[in-house]
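**Student:** The structure's right below; bear with me while I get my questions together.
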Amino acid sequence: MLTFMASDSEEEVCDERTSLMSAESPTPRSCQDGRQGLEDGESAAQWRSQESEEDHEEEDPDRYVCSGVPGRPPGLEEELTLKYGAKHVIMLFVPVTLCMIVVVATIKSVRFYTEKNGQLIYTPFSEDTPSVGQRLLNSVLNTLIMISVIVTMTIFLVVLYKYRCYKFIHGWLIMSSLMLLFLFTYIYLGEVLKTYNVAMDYPTLFLTVWNFGAVGMVCIHWKGPLVLQQAYLIMISALMALVFIKYLPEWSAWVILGAISVYDLVAVLCPKGPLRMLVETAQERNEPIFPALIYSSAMVWTVGMAKLDPSSQGALQLPYDPEMEEDSYDSFGEPSYPDVFEPPLPGYPGEELEEEEERGVKLGLGDFIFYSVLVGKAAATGSGDWNTTLACFVAILIGLCLTLLLLAVFKKALPALPISITFGLIFYFSTDNLVRPFMDTLASHQLYI
């Protein structure tokens, strides 16, 4: 699921440079300050000259702090769409690429994740049968069971969220994070050390896993640097993808990838889809979705104590910038200030205020997992050559780019799996069955193009 991390209503603050000034920062000059200056004897000619300079000044989109306010230049929405669209592509390409690189590098180097010595409890039907029809039937049955479990767990989560069972959800997510950050990390680190023949004593290993897991729990479920939180979310997505790659049967994995993309389409776009209901409920309550479920490309909320002057309550102002102060003096030696708009935003001294710091996009961790499963399966199964792996990698990035383009156009939550997974499956089977035999034939005849 892919969605903008913007304000829930058009009247709310939505610019990335907007913040509420504290009492310690110099207060920007408003229109009321200007009128008071005239009453105190300030030169009217100076004020008119200052207004004339501001009127002829080139319009800067960053000076407009709220959508829908008077004075927004025409075409600003299109400029913001292009600006944030390109920015969001880069902000999501990097984590998705890193997650897939971790998975592919592990698959190519650690043999443990390519050995088939067990199956998940959700895929009980074995594919070790010579009959193609029986193998296909077993893969379809495994897919039905897997999708049923996913649908049931999603609906259960939505019901818990709708009835405000936050403690139960937090406990559920904390238990999942504990298992991923401690147990799966211990298994992963042990296999990597075994593969590269690196000796490590158990106390050091336990201390390393403990530090890694403890910091991850704090960053994901409490507070921590955004970059560190993003790194942990990428890592747990890669660990979960590796588990699926190891324990999902080959045919079942491909059928599940196709089915999960269809389910994602239905769950997000249908009026009564569970993921759509989850997003709409969070928007109605003006609450962020749990960080353990969502990768955010920017900081979601900042909380601070703002000491507001009673005379300026409700004024929405731009942040104080020391560099702007040096260049903000007009020809008469008086500082000129950016425009100040005053939407009806009540405030009280000492009130704890929440503000949106930066616009961004959110991508569900499930999308990271299934992107990596597709690329990892391409690297682990069949020929496992690099042409097929790179083709799937490029296909997923192309699909993600198209999804972000649609997100900028429709400006609502969209499923992130269908386009990317469809392209990935097409590229995988076409490359594995057409391009790879062609390249092998050229290589066997020593022909180079």
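Positions of Cβ are set from backbone N, Cα and C atoms, glycine also.
Fair warning: this is a prediction, and the values are worked out from it, not measured in the lab.
Just lifted these from Swiss-Prot, have a look:
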- 1-88: topological domain 'Cytoplasmic' (TOPO_DOM)
- 19-30: compositional bias 'Polar residues' (COMPBIAS)
- SER22: phosphoserine (MOD_RES)
- SER25: phosphoserine (MOD_RES)
- SER30: phosphoserine (MOD_RES)
- SER52: phosphoserine (MOD_RES)
- 52-61: compositional bias 'Acidic residues' (COMPBIAS)
- 89-109: transmembrane segment (TRANSMEM)
- 110-139: topological domain 'Lumenal' (TOPO_DOM)
- 140-160: transmembrane segment (TRANSMEM)
- 161-167: topological domain 'Cytoplasmic' (TOPO_DOM)
- 168-188: transmembrane segment (TRANSMEM)
- 189-201: topological domain 'Lumenal' (TOPO_DOM)
- 202-222: transmembrane segment (TRANSMEM)
- 225-245: transmembrane segment (TRANSMEM)
- 246-250: topological domain 'Lumenal' (TOPO_DOM)
- 251-271: transmembrane segment (TRANSMEM)
- 272-362: topological domain 'Cytoplasmic' (TOPO_DOM)
- 363-383: transmembrane segment (TRANSMEM)
- 384-389: topological domain 'Lumenal' (TOPO_DOM)
- 390-410: transmembrane segment (TRANSMEM)
- 411-414: topological domain 'Cytoplasmic' (TOPO_DOM)
- 436-449: topological domain 'Cytoplasmic' (TOPO_DOM)
**Student:** Look over the recorded stretches 202-222, 225-245, 251-271, 363-383 and say which has the most C-beta pairs under 8 A to the transmembrane segment (89-109).
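**Tutor:** Comparing 202-222, 225-245, 251-271, 363-383: 363-383 has the most Cβ pairs near the transmembrane segment (89-109).
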**Student:** Test the contact criterion for the transmembrane segment (363-383) and the transmembrane segment (225-245): 3 or more CB pairs under 8 Å, pairs 6 or more apart in sequence, then answer yes or no.
**Tutor:** yes
**Student:** Kindly report the helix/strand/coil residue split of the topological domain 'Lumenal' (246-250) according to DSSP, in that order.
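**Tutor:** DSSP composition of the topological domain 'Lumenal' (246-250): 3 helix, 0 strand, 2 coil.
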**Student:** Tally of helix, strand and coil residues over the topological domain 'Lumenal' (384-389) according to DSSP?
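**Tutor:** With helix first, then strand, then coil, the topological domain 'Lumenal' (384-389) has 4 helix, 0 strand, 2 coil.
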**Student:** Apart from its near flanks, which chain residues at least 6 from the ends of the topological domain 'Lumenal' (189-201) lie with a Cβ under 8 angstroms of it?
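**Tutor:** Contacts of the topological domain 'Lumenal' (189-201) (Cβ under 8 Å, skipping residues fewer than 6 from its ends): 106, 109-113, 208-209.
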**Student:** Near the topological domain 'Cytoplasmic' (161-167), which residues from the same chain, at least 6 beyond its ends, have a CB less than 8 A from one of its CBs?
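**Tutor:** Result: 277-278, 281-282.
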**Student:** Could you give the residue numbers and ranges of same-chain residues that sit at least 6 residues beyond the topological domain 'Lumenal' (110-139) on either side and whose C-beta is under 8 angstroms from one of its C-beta atoms?
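**Tutor:** Beyond its ends, the topological domain 'Lumenal' (110-139) has Cβ neighbours at 145-146, 149, 191-192, 194-195, 242, 244-252, 254-255, 376, 380.
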**Student:** What residues elsewhere in the chain lie close to the topological domain 'Lumenal' (246-250), defined as a C-beta under 8 angstroms and at least 6 residues from its ends?
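**Tutor:** Distant contacts of the topological domain 'Lumenal' (246-250): 112-116, 118-120, 123, 126-127, 138-139, 142, 256, 373, 377, 381.
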